Amino acid sequence: MVWLMEALKTKENETTKEKKLTTKVEKSEKKEENVREEEIVCPICGSKEVVKDYERAEIVCAKCGCVIKEKLFDIGPEWRAFDHEQKIKRCRVGAPMTYSVDYNEPIIIKENGEIKVVKIGELIDKIIENSENIRREGILEIAKCKGIEVIAFNSNYKFKFMPVSEVSRHPVSEMFEIVVEGNKKVRVTRSHSVFTIRDNEVVPIRVDELKVGDILVLAKELPNIEEDIEIDKKFSKILGYIIAEGYYDDKKIVLSYDYNEKEFINETIDYFKSLNSDITIYSKDLNIQIEVKNKKIINLLKKLRVKNKRIPSIIFKSPYEIKKSFIDGIFNGKDAKVFVSKELAEDVIFLLLQIKENATINKKSINDIEVYEVRRITNIYTNRKLEKLINSDFIFLKIKEINKVEPTSGYAYDLTVPNAENFVAGFGGFVLHNTIHDKGLSTVIDWRNKDSYGKDLSANKRAQLYRLRKWQRRIRVSDAAERNLAFALSELDRITSKLGLPRHVRENAAIIYRGAVEKGLIRGRSIEGVVAAAIYAACRRCRVPRTLDEIAEASRVDRKEIGRTYRFLARELNIKLTPTNPIDYVPRFASELGLPGEVESKAIQILQQAAEKGLTSGRGPTGVAAAAIYIASVLLGCRRTQREVAEVAGVTEVTIRNRYKELTEHLDIDVTL
């Protein structure tokens, strides 16, 4: 009887605990539901668009990136205690999103004391490729950056050089080109932010919220860093003219003038005579050509790297008078100058901004050659009603056009400027919003139950860490879609690694798969099948050919299922891909067969002739490519058997023989077997 009473008492205690737990869960769910239903407004920009950052249990503004302190998820006292150090970083800018700039956009940087203009894509590609520690966040590649500074404005609206802490890149399928007054332009993604004027304040605005006629903020003048250099005003002016209109080699410097430029001709002759140079003058029609021989000057030009038609770094660091003389030499007393080199035109624009001059840019075509006309403007327009901004380094220009364009390289590029959230880039000095925000340190709990000294933890500590790991897994992967992505992306990495696919193909496949998840196309289909189809589509989009059979073997998914899923994704996601070109397979097949470059070139030539006659239409690209390689190997004496070629190409010997007969007959190729 006693044991029965004890059992009933135990059962009653368990029921009470279960009711308390249920009540606690219901209260927690109700509290979270109230947070969801309550309208959340960003205290910084006033936006109502928010994003849940499950990595840190935060709600983040989708526009400006502010972490909203009052709206944190409540995920338990143990986690809050463990994550206490992160709380001091609340209300920092740290949106889990990315903005982006096109590869070709110019940006002025300071590196190792040198100031130069480079393409942002070229700069970031170099940093990432040389980095030993690349961090990945989804499709984003992020690398630390040291020793590079870019121009950004401070709280007083003055520009200065500031250090870059991180750079990144990610695949992109579209860009938007913004053109403002003076034909200044920049290419960015739709989610990128530029700066405009609202209530006499400079504020960021997304590109997809812009319209023609809106006012954008650009740089009116850039900071000067002056150093004592061994260049005088006369040489600076001649140097500008050499870069614009002259050239030199190991023996001589050649300068060309119009006949009516007598004042400048005499000035040039007098200058070089003062340096004991040998001068020869040639005259033809209305042109005057001056040939100068002076070994010391030629060596100085080589040292300054003048031959590449870019403004030397030393000019960007020169005093105002030297820069002014250099610009006078470039323009040769005229208000406008035509440049064939876009890079030189970009350099001139940035140098003009350093001497507080502005310019318009017009793209023209002369004899089917694209040129860039830069016209100097000394009187800069500013809006006098904006009294707080009159003394700033800004100029305010209206938008003329917003056009959707293709990206230059398939990638978009980002960088982080701490404590500034902006930088200057683009053809004309656009002020762009800081692209990657610093999200602070991530909390990662090690799987080992050891302390910092390597000693084993007590049973209580191990139990606490077990619960913390469980909470971390829950907040990192919080819903079915994220669990799906976590598994799918690991499967994607496995398959692409097995196929030896480059990184940009992996990232394109990830974009396609993520798009399928967001549109709800995964339901009713296997994750492995959709991943394999996304990889096949990415291979075709990036022109890195892989057959369905190869992907089926690597993914362990049936070939027909991959094909069906691929067609479904292409239709629903509007993926437009051209038929695979047999030529794309030639380099890989030739490499695996150990054939020289001559055979590869001959096979490509055969396929080009076949395409012109329509022999590749309706034929499997791998079979046609294999037959062309077989024919080329026989013709050039590097013969491979049909069986060897068939094994590499993944086709049958019968297919090769059939394609071989078609090609030799219709192209009149005489092959001696």
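We count from 1, first residue shown onward.
Glycine too: its Cβ is placed from the backbone N, Cα and C atoms.
The zinc finger annotation in Swiss-Prot covers 38-69.
Neighbour count (other Cβ atoms within 10 Å of the Cβ, all protein chains): 25 for Cys61 (Zn(2+) binding site). Reduced to three states, the DSSP call for Cys61 (Zn(2+) binding site) is strand. Positions annotated as Zn(2+) binding site by Swiss-Prot: Cys42, Cys45, Cys61, Cys64.
Swiss-Prot lists 490-573 with the feature repeat '1'.
Residues or ranges marked as repeat '2' in Swiss-Prot: 584-665. When DSSP labels each residue, the repeat '2' (584-665) comes out as 61 helix, 0 strand, 21 coil, counted as helix, strand and coil in that order.
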Next item on the list: Report the mean pLDDT of the predicted model across the repeat '2' (584-665), rounded to a whole number.
Entry: 87
Next item on the list: Count the other Cβ atoms sitting within 10 Å of the Cβ of Cys42 (Zn(2+) binding site), across every protein chain shown.
Entry: 20
Note to self: Within the repeat '1' (490-573), count helix residues (DSSP H, G, I), strand residues (E, B) and coil residues, in that order.
What the structure shows: 63 helix, 0 strand, 21 coil
